[in-house]
Amino acid sequence: MGDLELLLPGEAEVLVQGLHSFQLREMGSEGWSKQHENLEKLNMQAILDATVSQAEPIQELLVTHGKIPTLVEELIAVEMWKQKVFPVLCRLEDFKPQNTFPIYMVVHHEASIINLLETVFFHKEVCESADDTVLDLVDYCHRKLILLVARKGGGDLSEEERFQDSTPMQELQKQAEMMEFEISLKALSVLRYITDCMDSLSLSTLNRMLTTHNLPCLLVELLEHSPWSRREGGKLQHFESGRWQTVAPSEHQKLNKLDGQVWIALYNLLLSPEARTRYCLTNFAKGQLLKLQAFLTDTLLDQLPNLADLKSFLAHLALVETQPPKKDLVLEQIPEIWDRLERENKGKWQAIAKHQLQHVFSLSEKDLRQQAQRWAETYRLDVLEAVAPERPRCAYCSAEASKRCSRCQKVWYCCRECQVKHWEKHGKTCVLAAQGDRAK
C-alpha cells in the first residue's frame, strides 16, 4: 500500500489485542474514546486492505485474537445506549452543551463497528470466529431489518428539516436518525454474509433465522418496500455510498447492490441443504414467497443467473401442499448479550445519563481541543480520499465539490455561497479541529 498504509502490521496487532468491552456508563470516557479512535483506524485500514492490496491483515488479526465476539458485544451495547440512555440525555433540562462532538462520537460508534463488520464478514472464517455471538448478531440484524421495513418516506430529512434552526442536541438527534438508516443497510449486508455460511452455522442459529425470525418472509417484505429506492421529482434514486443518487434511465433495469444482497440471502436461506430440511413452508410462508415470482424477470436472471434455481423452486412450491407449523421440542441456545446488558442496567438509565453528563460529556475547552486534535490525527485526509468511492460532495447541498474549508481542511463545498450558509452548523467543529491541528 506504500504511502497509503495507515497502520504498520505490528501497530495494527497491538490495537486489535487491546479491544475490549466497556460498561454502558463508561461510553464516552477517555479510555472508551481512545478505543473508538483505534476502531476507526482499524476500519480505514480494513477498507484499504480490501480495496488496495491483496492481503487482509485486519480480518486475520481479528480472527486470530478472537475479537469478533468483542465487536459484537460493543455493537449491541452502543445500540442499547442509543435506545435507553441517549433519549434521557436529550430530555435533561440542565444539559445544554454548546459542543455535542463527544456525544456524537458515541452515537457514531455503532456505525463504526457495523462498517468494520461489513468489511470483514465477507470472509467465512470471520463468521465462524463469532462463535455463540453470531446468534446475538442475527438478532441485531433482524432488529435493523424490522426498522427498514417499518420505515416510511425516502430515508432522510428534507432540506427544510435539515437546515432549520435547532439546538445542538436537536441537531444531534436528526443526525442520529439519518445515521440509523445507513446502519440498518449495513446490517442487511452483514446478514447476507452470515447466510453465506449456512453449512457451518449451529442448529440454534439456523432455527433463529428460519423459525424464530422467519427471515425469508421478512426479506420478501424488504424487496416489496425497497427502502433504498425512491422517486424524487419523477426520477428514480437509489441510496448508495451514503447518499441518494439519481439513476440514469439506461440503468433502471440494473440490479443495485442492496437488492442483490437480499436476493443472495434469500437464495441461501431457501436453497441451501441446511435450510431446505428445516424451513417450515406454512400457508403464510408460501403466500409470501410466491410474491417473488413477479420480481424474477429475465433481466434479473441475466444479472444473477443462480436465481434460475430459485425460480424453479418457486414454481414447484406453487404446486405442493403446505406444512402445518412444526411443534418439535428443541433444546437450543438463545442470544444473551442484550438480555444480560438490560438486566445489569435496568432502572439505572437516568443515573447513567446524569453520570455521563457530569463526568463524560461536560468537557472543558482544553479537553475539547485535545479530542479534536486526536480526531484530526485519526482521520487522515489521504486515506479518507483513497477509500472514498467517489468525488467529495458539498456539505450543504450535496453537489459534487472541489473546494475544502480553508480553516480545517476537512469539509467540502461546491461554492462560497454554500460554505457561508453552512458556517452556522460547521463553525464550532471547524474551530476546534483547526486548533487541534495547530496544537500538533
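A Cβ is built for glycine as well, from the same backbone N, Cα and C atoms used for every other residue.
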Practice task
When you get a sec, could you say which of 61-97, 98-134, 172-208, 394-430 is annotated zinc finger by Swiss-Prot?
Solution key: 394-430
Completion exercise
Residues near C405 (Zn(2+) 2 binding site) by Cβ (under 8 Å) yet at least 6 apart in sequence within the same chain, in sequence order, are V411, W412, Y413, Q419, H426, C430
Practice task
Determine, to the nearest whole angstrom, how far the Cα atom of C394 (Zn(2+) 1 binding site) is from the Cα atom of C408 (Zn(2+) 2 binding site).
Solution key: 15
